[in-house]
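Before anything else, here's the structure in question.
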Amino acid sequence: MPPAFVELLQFLLSGVTSGAIYALVALGFALIYNASHVINFAQGEFVMLGGMVTWVLLSQGIDLPLAVLGAVGLTMLVGLLLEKLAIEPVRNANVVTLIIITIGAAIFLRGLTSVTLGKDLHALPAFSGNEPLDLMGATIMPQSLWILGTTALIVLLLHVFFNYTLLGKAILATSHNRLAARLMGINVNFVLLLSFGLSALLGAIAGILIAPITATHFEVGIMLGLKGFAAAILGGLGSGLGAIVGGLLLGIIESLGAGYISSDYKDAMAFVVILGVLFLMPSGLFGKRGTERV
Amino acid sequence: MLQIEGLSSHYGRIQTLDGVDLSIGEGELVSLVGANGAGKTTLLRCVSGVQPVSAGRILFDGRDITRASSHRRVKLGIAQVPEGRQMFGPLSVEDNLRLGAFRRRGPKVADDLERMYTRFPILKEKRKQPAGTLSGGQQQMLAISRALMSHPRLLLLDEPSMGLAPLLVSEIFDTIRLLKDHGTTIFLVEQNAYAALGIATRGYVLETGRVVLADSGRALLENERVKTAYLGL
Ligand SMILES: Nc1ncnc2c1ncn2[C@@H]1O[C@H](COP(=O)(O)OP(=O)(O)OP(=O)(O)O)[C@@H](O)[C@H]1O
Ligand SMILES: [Mg+2]
């Protein structure tokens, strides 16, 4: 293989790996946005909690599968409580108020984590060791395969849920027409609760999968949340397909930018993407065109 | 079956219903007519529980449902065909129908689907298409069928003839008459006062949030005030 090709392949592999994580976070944004038009700025904290709680449970001598289950369960509980205690009571407030509440919740969750679990950086062990695998001259870590495989499985499960189950369709229906959904007897508060639970689930899984690569820390949610948000905007807020494509694209843009320009700019790419999308195509790649319905 | 007592409702500080009294008996077809902005839609939304009530009570089968959630009311047997049809546009025709049966599960749903398709064959033809691509008349048929999927005992219809060609209007009114003959209790809101009062057992006239007339459908058609204000005679 020509070295230039191997180099490009290497960048692409690392791009889709982080891109898959961004896609999971972006899907979390999309779920809640569709159910409520709220951009949940606590999405990144779900990611952080997933990694941090897994680390705590591991450090208590609990096996990895159980620790993962525990962390996912606890993060989902946090998501459900956030909806029940902070969002639902003020459900009829305007969207900006609700968004500010999620920002407050994010700050609270970060603070609570730093107080209870400390401010240190923790690395999780890779799920299947650190022996790099060879792919046409480039290398890929087993953890990347975990990330890509798990993300693919989740995307498949979400696809089945939203296209082949009545509950999934009820969630879609609620996002398209809340009034009609209520008139059909759909409990839209439950839909909102469910979307927070699902978003927390996706966030936690993303945080657990990435922690062996980037390590975890009480503040990792800020950057990962922001990148997931950038991915969601790039794909078009509220579009599931957009979240996935946006995530992968952002990961690749970052990795190519870091590889061919300078790694100093890696984290700046997300901001450039957000600004670029807002200026050039506000509805993103797969978003609804035209004005927002009221 | 339905009793509304002293019902008031506000949008913010603007009062849109002011002490409305109204009742609907089992098997009746009751029509409510009134001008633009009289509060007809607001009243139906109160009955379905998607609009806050500021005073008064709503009883269904003698049970106070004023504070009941909208999904509970669907379960109790109240379904609404809302103004403007309110399709789940990107979802398929069949998904729209299935969601109408959201509060009911089980194998009977498939039978109901077939019944709806027999009533409106065009819906079967287009069952895989997004509901938003249907014509206005087809959407209205879908909206009615979707509401019927919940097996309502009380069907609320908000201006089902609005914006439809005359031929379709009479088809929709035929359907309503048929439903009534099969025993569904119907509360029909219409601007087309002539047609609505013509098929009604009883009727009410709403003006700026108040019931100003209540009588049999026939008597209202003869009423001078109704004639000048709503029938253009
Ligand atoms: N969302 C809203 N916010 C504020 N005011 C509203 C809202 N919806 C309706 N109104 C007002 O409430 C009053 C009653 O409206 P409503 O829609 O119930 O009337 P309607 O009899 O159904 O009229 P139409 O025949 O046009 O459907 C009107 O004056 C209207 O301007
Ligand atoms: Mg109306």
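Quick reminder: no glycine exception, Cβ is built from N, Cα and C everywhere.
Note that TrEMBL annotation is computational and uncurated.
What TrEMBL records for this protein is below:
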type	residues	note
TRANSMEM	A:12-32	transmembrane segment
TRANSMEM	A:39-58	transmembrane segment
TRANSMEM	A:64-82	transmembrane segment
TRANSMEM	A:94-112	transmembrane segment
TRANSMEM	A:145-167	transmembrane segment
TRANSMEM	A:231-256	transmembrane segment
TRANSMEM	A:268-287	transmembrane segment
Against the transmembrane segment (A:12-32), which of these stretches has the most C-beta pairs under 8 Å: A:39-58, A:64-82, A:94-112, A:145-167, A:268-287?
A:145-167
Six or more residues beyond either end and a Cβ under 8 Å away: which residues meet both conditions relative to the transmembrane segment (A:231-256)?
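Distal contacts: 11-12, 14-27, 29-30, 33-34, 39, 155, 158-159, 162, 175, 266-267, 269-270, 273-274, 277-278, 283-288.
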Would you mind listing the long-range same-chain contacts of the transmembrane segment (A:268-287), meaning Cβ under 8 Å and 6+ residues beyond its ends?
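For the transmembrane segment (A:268-287), the far contacts come to 226-227, 229-230, 232-239, 241-242, 245-246, 250, 253-254, 257-258.
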Excluding the flanking five residues on each side, which residues at least 6 beyond the ends of the transmembrane segment (A:94-112) place their CB within less than 8 Å of a CB in that stretch?
36-42, 44-45, 48-49, 78, 82, 86-87, 218-219, 221-222, 225
